[in-house]
Every structure is written in structure tokens, then in C-alpha cells.
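*Asks:* My questions will all concern the structure given below.
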Ligand code: SF4
């Protein structure tokens, strides 16, 4: 995609949603970190359902330690992989209390050293809590980046690097949200809803679905990451 088209792409997404936010519910940076950690391979809706009651009790890492692993499991047992997630969240709380005085470090490298925190989670926290220009490539951003031609890549990291290079100001902080929401609600995995897509004329995808109810043409789709390493990156 050309430079001017990329600017116009984000200008339109920004115009349609000037103040994009994560759909995960949280009241402070620590709760955001916990919510994002729990959301790996789970939906935001499912996580919110579990964390509403949890976050009424737990606002700090010390609160989490006081609740204990079994107490945490009771709250999150509806979320996939809750046993290992509970273990990680407790180990994370211990480190935050002991090493960082109960604060969440505003540093991607330090965040990724925490149990259960991968690059994607760290990027979300850096972006949403600290306003960093990070691009957390999940399955939606991976698809939109490849389909549109905005940032093509075989792995989430390659797409992230492409976005880092190509997304212009003043859209760098909001880009992560706009791309996720676009992928979640318009550029859907199975059938992209190109008939009401605001960037249809800028998008390079050959398999556009321009009429509601029409079947997606047999166009080459953006491949999901195939290697184990790439899949792990996209889910972390
Ligand atoms: S035109 Fe279709 S494929 Fe391209 S971004 Fe819009 S919804 Fe996605």
C-alpha cells in the first residue's frame, strides 16, 4: 500500500472511531495486565464476565496474593486454560510485589519477563496503559495487515515490524485498536464484509465480498501462522 493510501486508511478508521479503546474492562494498569493475560485464547466478553467480580476484590498484586491461587481459580474457572493462567497470575503478583513495589513496570522488556506475559500482552499493556506506539498483533491484526497489503508477513512479529515501519503519525498510538476493531467487526475471518468497509478502495485484497450474502471468491487468503513458534507468538 502506498504511503498516501496508508495515511488515508487510518484517517478514515480514526474518523469513524476517534477514541478507540480496548474492549477488556479494567480499572487500573495492574487489572489491565491481568485481564490481557487471561484473554489469551479467550474472548474479551468471557474475560470481562469473570473479571467483573474479581476486580471488585483485587485491585493490586498484594490483593491477588491475599486472595490466593484457589480463590483466583474460583473466579476464572470459566476461562480456558484457567489452571495455568492462575499459576502465572499468582507468580506475576509475587514478582510485582517483591521487585517492583506493587507497580507494573512501563517497559516492554521487563513486562515480558513476567510469567505468562508474551510480547503481544506486553505490547497491549504498553499501548493501552502507557500510550506507547506498540502494535500488538493478534489474529485480527495479522489478517487485516496481510489482506489489505498494509503490512504483510508470515508471522505476527513480521507484521508487527511492518506496522512499526509504516503506520504514520498521528495514528501510531490508536492503530492497534483500529485494526483489531476493523478485523473483529468488518474484515472478518471467514467473510470480510467489504460491502460496508470504509477502506474498500484502498485495500489490495483480491477476495473482496462486495455484496451482502455473496460467497467469498476463491481468492488466496492470508494464511494463519503455521509454525509452532508463529502460532505461539500470535496467541501470547
Ligand atoms: S475491503 Fe474487505 S478485505 Fe479489504 S479491509 Fe475491507 S473488509 Fe477487509
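Using the three backbone atoms N, Cα and C, a Cβ is placed for every residue, glycine included.
Any TrEMBL annotation is an automated prediction that lacks curation.
Per TrEMBL, the features are:
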BINDING   187, 194, 197, 203  [4Fe-4S] cluster binding site
COMPBIAS  218-236  compositional bias 'Basic residues'
DOMAIN    38-185  domain 'HhH-GPD'
REGION    213-236  region 'Disordered'
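Map these features onto the structure and tell me what's around them.
*Replies:* DSSP assigns residue 203 ([4Fe-4S] cluster binding site) to coil in the three-state reduction, placing it in neither a helix nor a strand. Around the Cβ of residue 203 ([4Fe-4S] cluster binding site), 20 further Cβ atoms fall within 10 Å across all displayed protein chains.
Per-residue pLDDT, averaged over the domain 'HhH-GPD' (38-185), rounds to 96.
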*Asks:* Non-local Cβ contacts of residue 194 ([4Fe-4S] cluster binding site) (under 8 Å, 6 or more apart, same chain)?
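*Replies:* Non-local contacts for residue 194 ([4Fe-4S] cluster binding site): 187, 200, 203, 205, 208, 209, 210.
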*Asks:* Treating G and I as helix alongside H, and B as strand alongside E, what does DSSP give for the domain 'HhH-GPD' (38-185) in helix, strand and coil?
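*Replies:* Helix/strand/coil tally for the domain 'HhH-GPD' (38-185): 99 helix, 0 strand, 49 coil.
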*Asks:* For the recorded [4Fe-4S] cluster site, whose residues are 187, 194, 197, 203, find every other residue on that chain with a C-beta no more than 8 angstroms from the centre of their C-beta atoms, and list them by sequence position.
*Replies:* 147, 148, 186, 192, 193, 199, 200, 205, 208
*Asks:* Would you count the other CB atoms within 10 A of the CB of residue 197 ([4Fe-4S] cluster binding site), including those on all shown protein chains?
*Replies:* 20
*Asks:* Should residue 194 ([4Fe-4S] cluster binding site) be counted as helix, strand, or coil on the basis of DSSP?
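*Replies:* For residue 194 ([4Fe-4S] cluster binding site) - judged by DSSP and reduced to three states - the answer is helix.
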